[in-house]
Amino acid sequence: MVFGTGVDNVELSRIQKALTRSERFVEQVLTAVELEKYNSFQSTARKTEFLAGRWAAKEAFSKAYGTGFGKALGMHDLEIKNDELGKPFFTKHPFDGQVHLSISHSNLEAVAFVVLEKN
């Protein structure tokens, strides 16, 4: 049974501006594991795309979960990895059930869709 759905999109230029304003922005969004992956990318464009995708995915999760971000849920309560085929999935989350995630990018924005499913 579907518990909740969430979608979020973010312009890559908005993420780039946030990176310019604050050196800590990346650390506020990404966990240590995600930060390691982020730092493995050579190009600024790929780093921005990766960060935007993670931002959108975490925002989409918070909407599907029904709390948004705040005391009940923070960015570091969520962690995303990719499987051997590149499909993103949450490795860390507070939801008791299945979490389905899709992330897509264009040269202008990133979008993510999350479905939370109770067993």
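Positions of Cβ are set from backbone N, Cα and C atoms, glycine also.
Feature annotation from Swiss-Prot assigns Mg(2+) binding site to ASP8, GLU59; the stated evidence is sequence analysis.
When secondary structure is read from DSSP and collapsed to three states, GLU59 (Mg(2+) binding site) falls in the helix class.
Proximity of ASP8 (Mg(2+) binding site) to non-local residues of its own chain (separation of 6 or more, Cβ distance below 8 Å) is seen for TRP55, ALA56, ALA57, GLU59, ALA60, LYS63, VAL111, ALA112, given in sequence order.
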